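**Student:** Sharing a structure below in structure tokens format, with a few things to ask.
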Amino acid sequence: MHTVLILLSSLATCWSVPRCSPEEAAMGRCRTPAENRPQCMEMVLGYCQDVPYSHTMFPNIVGHRSRQDLEMGAEYLLLSVIHGLLNGECSPDIRLLGCSVLAPRCRDNKLMKPCRSSCEMVKKSCIHAFEAIQMAWPYFLDCDRFFVGEEEGCYDPLSELREKQEVAFANISDSGFFTIIQFTYHTNSQMFSILKKTASKCSDISQTYSIGRSVEGKDLLAIEFSSNPGQHDLLEPEIKLIGNMHGNEVLGRQLLIYLAQYLCSEYLLGNERIQTIINTTRIHILPSMNPDGYEIAASEGHEYNGWTSGRANAQNLDLNRNFPDLTSIFYNRRRFRHFRSHHIPVPESYWLNKVVAPETYAVMKWIRSYPFVISASLHGGELVISYPFDFSRHPQEERMFSPTPDEQIFRQLARTYADAHATMSNNDTERCGASFANKGGITNGAQWYSFAGGMSDFNYLHSNCYEITVELGCDKFPSEEELYPEWLRNKEALLSFMEFVHRGIRGIVKDEHGNGIKGATISVRGMRHDITTAVDGDYWRLLNPGVHIVTAAASGYSKVSKRIHLPRNVQVGRVDFVLKKVLREPSLDYFNIPELDNYDRFDPFNQFEQSSPRVRGEDGEERTEKPWWWAYFSQLGVSAPTWLLRNY
């Protein structure tokens, strides 16, 4: 950390080298001749010309004794480049706040300190921008150390800026209520900043978290919306939305960034539909699964980007061919009488024979960690909704209808998005090569074209999650002018898709003592695909209206079956089960199926959990390599600002 070599408690009264003992100086009792006392001077610093005052004083609050001393320091250099480093975010707020410390206000030859409340407000809104570029919060913006309370006579350095913003906002909307979204492309750092800023703005209903890192070390950053962020609420379904799996298919990435901003703003503005969605659903949004590939595609731009440039990750792996091929296992084992088509384990051969991308691994762990019910992966290159299976039931057939046991549920899920989209289901909509006009904009994946190792098939066969693939249009990298029209075409479809999760039945499976049973199976007669209960025993089973026989079972408990009638006018029904403990012999047919009981053996060879020794600082915290922005300071020969390095 930077060490400030002055006695802060005496600054207000002692501005030259004190002619007194250190003890007197520390108590603020030193006196200097009047001719040596600092005077107010005109503000001449180039980067502080727009502060709401015209005179300053040296020494300043952190100890620079002159203007020349300040201009040679890393603190002032940071203010000069902060706009570019943060891509314009929190500008000019950070710069004005910094000027209030480095070139503080002077009135009647007395230094005035800025208000702590101003600092805390800016830090809350902007610290995410520093985190996005791996920069520590500047030491001279320490709200407790260099700012004071209103009772001490502080001033607000952002007062004039706020007045101008209020006038500008008032001119935008007569009613004063609006949602502002900038429909432009965003770099990875800008995307991180927007997501973290959104989570900060809506901290009561949102948070960001990382599910892992890309090959080149970029965060796979997700944002969550829920009435209780960070926690699973009993009986509340969870959904996920994923974009940019292929780095050059960028529209989905942008739509999910806009969706996060929209959900936050509309919730705060009192939009009842958005509030209902967030209060009853836990929503996880991962705008970019392939940030490395996006950078390759973005470097060429939409005019020059080819069909495949940036599609793969930094290892040149197609992420949508990189998941375990559980569909082949499903096809090969259908002959077993008691074979289950859910929670199929990842075979050890996958870890031994395949190069597993870190992005793929991160998403697999993500799927295993949350009780997702539905999911959508946003792609580009066609205008259609594709649903599982993506891998043909006959290896020699490239285009063969290959339904799951939940064909009707998947069709309804796909139909929901396509019908709510502005043009996807229209028969007269111009397509991109394939013919989906007579199918209403939806298709079985394998009937379109077959491939193994896809993410949607993995979701269905390894977890409770039903995932569809949303092909957003012919142009994988549309021009910026198309972003707003595309948002209008897809906004209602995205909202309708999220609302679809509240269909079918839900409930809790408990034992006789009222404890939830984790991992109990919920089966529906006539549908050879079960789902399992979450940690607290709650479950969600998508079902179409009608009469169903539903059975709950768990190892060591008796089975319980119920006949239910799900009316068309009821979106979701409540069906609970209480199971009694019994001694029961396992089915030999069940355990004769190889690897069926190995679901918990994920990454058995510990390929991704291993970590090499890291360099650590004197305080024991891990040290990191110098970030890209370090060159701004090192090349100019200023004193090394190690206080900007995190964990240094």
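Here the Cβ of each residue, glycine as well, is placed from N, Cα and C on the backbone.
TrEMBL feature annotations, pasted as is:
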ACT_SITE  Glu471  active site, proton donor/acceptor
DISULFID  Cys119-Cys143  disulfide bond
DOMAIN    35-157  domain 'FZ'
DOMAIN    184-501  domain 'Peptidase M14'
SIGNAL    1-16  signal peptide
**Student:** Quick one: Cα separation, Glu471 (active site, proton donor/acceptor) versus Cys119 (disulfide bond), in Å?
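**Tutor:** Each residue's Cα considered, Glu471 (active site, proton donor/acceptor) and Cys119 (disulfide bond) end up 45 Å apart.
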**Student:** Summarise the domain 'FZ' (35-157) by DSSP state, stating how many residues are helix, strand and coil.
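**Tutor:** Reading the DSSP string over the domain 'FZ' (35-157) gives 59 helix, 15 strand, 49 coil.
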**Student:** Select one residue from Cys119, Cys143: among these disulfide-bonded residues, choose the one with the most other Cβ atoms within 10 Å of its Cβ.
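**Tutor:** Answer returned by the neighbour count: Cys119.
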